[in-house]
Structures are given as structure tokens and as C-alpha cells.
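Per TrEMBL, these features apply:
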type	residues	note
TRANSMEM	7-29	transmembrane segment
TRANSMEM	35-58	transmembrane segment
TRANSMEM	65-87	transmembrane segment
TRANSMEM	93-126	transmembrane segment
TRANSMEM	133-164	transmembrane segment
TRANSMEM	170-203	transmembrane segment
Amino acid sequence: MIIQQQQLLLLLILLLLLLLLLLLLLLLLLLLLLLLLLLLLLLLLLLLLLLLLLLLLLLLLLLQLLLLLLLLLLLLLLLLLLLLLILRLLLLLLLLLLLLLLLLLLLLLLLLLLLLLLLLLLLLLLLLQLLLLLLLLLLLLLLLLLLLLILLLLLLLLLLLLLLLLLLLLLLLLLLLLLLLLLLLLLLLLLLLLLLLLLLLLLNYCYCC
């Protein structure tokens with residue numbers, strides 16, 4: 001009987017240990033969920049920063065377009081001024097032919113220089129636009145990489161959850177096996193008691209005879 005009591009105590013201790021293991025697993029699951037939430041918040045912040053960068057790039061493109069429009073307006077003003085100068089020169093042709101020719105040559109040179117400068121500015125603006133487009137492409141690639149990382153993290157978490165579920169199932173199976181063993185022990189005890197009773201009855205019967 002003392003051995004049986006000791007066995008029962010050992011079984012109770014094992015059950016308590018299994019319950020403690022289950023509690024630890026639940027705590028681990030909660031910690032993993034909190035880490036997931038933190039990771040998702042960080043990823044959302046990164047996405048917001050990338051969106052802000054995209055907006056800034058769009059604003060820069062708009063500013064470049066405005067600069068181009070201003071340059072075109074300046075060109076138009078220059079052309080108008082040149083036309084006015086040509087008209088004035090034509091009015092004064094009779095008096096100062098030679099001087100007018102010289103002035104025209106100078107004006108043409110200035111126009112050529114201005115046109116060259118404008119062409120250079122346009123080329124620079126085109127280069128800036130190409131750089132901005134490259135930056136936009138790089139940002140899009142970064143966004144795609146972030147999305148892939150999020151998917152990988154989610155898959156890893158799913159795998160961890162599956163492993164934890166398998167562990168829980170194994171623990172439940174162990175508990176069921178222990179319960180079955182307890183039931184078998186109880187049945188054996190009952191059978192032993194019945195045998196003892198039968199022996200006592202036989203001894204009493206023999207003694208009475």
C-alpha cells in the first residue's frame with residue numbers, strides 16, 4: 001500500500017509538471033505574438049517613411065516643371081525684346097547702317113550664347129529627372145523587399161505555431177496515457193482485493209468445516 005501511495009504521489013507530481021509546461025508554452029506564445037505586433041508596427045512606420053519620400057520626389061518633379069515653364073517664359077520675353085530691338089534698328093537703318101550691322105551681330109552672338117545656356121539647363125534638368133526616376137525605382141524595389149520580408153516572417157510564425165500545437169498534442173497524449181495507467185492500476189488493486197476476499201472466505205469455510 002505504501003508503494004502504491006508513492007506511485008500515486010509520483011503521478012500527481014508528473015501531472016503538475018505537465019501543467020507547468022503547458023503554462024510555459026502559453027507564455028511563450030503570448031511573447032511571440034507581442035513580438036509580431038512590434039514587427040508589424042515597425043514595418044508600417046517604414047512604409048509611411050517611404051511614402052513620404054515618394055511625395056517629396058513628386059514635389060521635386062513639379063518644381064522642375066515650374067522651372068521649365070519659367071525658362072520658356074524667359075525665352076519668349078527675350079524673343080520679344082529682340083523683335084523690338086530689330087524694329088528699332090530698322091527704323092534707324094537710314095541713319096546708322098554700319099552701327100546697326102554691328103549691333104545685330106552682337107545680338108546674334110548673345111542669342112546664341114543664351115540658347116546654348118538654355119540648352120545646357122534643359123540637359124541638366126533632364127539628367128535630374130533621370131536621377132529622380134532611378135530613385136523612385138530603387139524605392140519601389142525596397143518596398144518589394146520589405147513585403148517579401150513580411151511574408152517570410154509570417155511563414156516562420158505559422159511554422160512556430162504549428163510546432164507548438166504539435167507539442168501540445170503530444171502532452172495531451174501523454175496525459176491520456178497516464179490516466180489509462182492509473183485506471184489499470186486501480187483495476188489491478190480491485191482484483192487483488194477481490195482475490196483476498198475470496199481467500200478469506202475460503203479460509204473461513206475451511207475453518208468452519
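Backbone N, Cα and C atoms are what each Cβ position is placed from, and that goes for glycine too.
The model shown is predicted, which means the values in this text are computed figures rather than measured ones.
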If you count Cβ pairs under 8 Å, which stretch among 7-29, 65-87, 133-164, 170-203 touches the transmembrane segment (35-58) the most?
133-164
Highest Cβ pair tally under 8 Å against the transmembrane segment (170-203), stretches 7-29, 65-87, 133-164, lands on 7-29
Which sequence positions outside the transmembrane segment (65-87), separated from its termini by at least 6 residues, show Cβ-Cβ distances below 8 Å to it?
103-104, 107, 111, 114, 118, 121-122, 125
